[in-house]
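Structure first, commentary second.
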Amino acid sequence: MKICILPGDGIGPEITAEAVRVIEALDLKFEMEEALLGGAAVDATGDPYPEATRKLAREADAVLLGAVGGPKWDTLPREQRPERGLLGIRKDLGLFANLRPAILYPELANASSLKPEVVAGLDILIVRELTGDIYFGQPRGLEVRDGERFGFNTMHYSESEIRRIGRVAFEAARKRNRRLCSVDKMNVLETTQLWRDVMIELAAEYPDVELSHMLVDNAAMQLVRAPKQFDVMVTGNMFGDILSDEASMLTGSIGMLPSASLDANNKGLYEPSHGSAPDIAGQGIANPLATILSVAMMLRYTFNQENGALRIENAVKKVLAQGLRTGDIFEPGTTKVGTKQMGDAVLAAL
């Protein structure tokens, strides 16, 4: 079982180091190899997704990523920016399904910006299509038309693209509370009219899953008004990008949230939902829990090691119950710790 480790930029190397320690502690005989992606790869090779990384990622069963990006590289040509490395590896590995849980741990209820009674017990999974939609549609560009600047993008989805992400979402809902909400904008966008039609057709294959539909503007409002009505949500690339970030902040800290991006065979790229946080890089204060929980997702979805996944998740719960907190989730009455101390505590709980 091979894992490609991509520490990336900013706090990436610090948080992946703790996740690797957790993997090693599981004694599941993983073979791990490290490579460059993002800004670190640009600095070393001039390419955000070098050929050596491409080869290693293709050969691995799973990829663990820290984070990419930072202001240092913002002035580079678009094709050389760190984020192009992330887009490149997603496309190269055929990763079309992004799974992002938004879970509020009881110990962190006060960290949420919403009232505790609104978010207590929150446990949502957002399934986002990753390879289609307006982010990748052609034609796109910037031109001058009729003497003024003109920008354009193209939104499109094929039936097969919608069907395959729909299956991932229905299967995920089947393993949870059997409720799936499909989010679209079918009242004005033909692309999402097709999305809704295909989801309705798929529902016939999953009679044990309750399917509902919601327009994206209403979904954004409902996530803040009454988020616990949702179990699994499925949506397209752009809507999912926005809604998953919104859902993540219901929990109080994006530093707690893992994510998985899967191909058709459950080979996956696993990473924390947060960014590279260059402002705190190298200080040893970043929260490694989202990356550690990403390892739990890796065990569950790619390696079918449910017991290992639960061990990690229970260890994180135990550490939180002990009152240990990194700065992003610290509150009076708890104990502030750094990145390595948090990793030590998770290892001890394991």
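Placed from the backbone N, Cα and C atoms, the Cβ positions cover glycine too.
Summary of the site annotation: Swiss-Prot records substrate binding at ARG90, ARG128, ASP217. Screening the candidates ARG78, ARG100, ARG140 against this entry identifies ARG100 as the one listed for that site. Residue pairs drawn from ARG90, ARG100, ARG128, ASP217, the listed substrate binders, are separated by up to 27 Å at the Cα level. Each residue contributes its Cα atom, and for ASP241 (Mg(2+) binding site) and ARG100 (substrate binding site) these two points are 10 Å apart. The binding-site residues shown are ARG78, PRO82, ASP245, ALA281, ILE285; of these, the one with its CA atom nearest the CA of ARG100 (substrate binding site) is ASP245. Neighbour density at the Cβ, taken as the number of other Cβ atoms within 10 Å, is lowest among the binding-site residues ASP217, ASP241, ASP245 for ASP217.
Most Cβ neighbours within 10 Å, among the recorded positions ARG78, ARG90, ARG100, ARG128, LYS185: ARG128 holds that distinction in the structure as shown.
Ranking the recorded positions ASP74, ARG78, ARG128, LYS185, ALA281 by the distance of their Cα atoms from the Cα of ASP245 (Mg(2+) binding site) places ARG128 first. Other than ASP217, ASP241, ASP245, the residues of this chain whose Cβ falls within 8 Å of the Cβ centroid of the Mg(2+) site are, in sequence order, VAL216, ALA220, MET238, PHE239, GLY240, ILE242, LEU243, SER244, GLU246.
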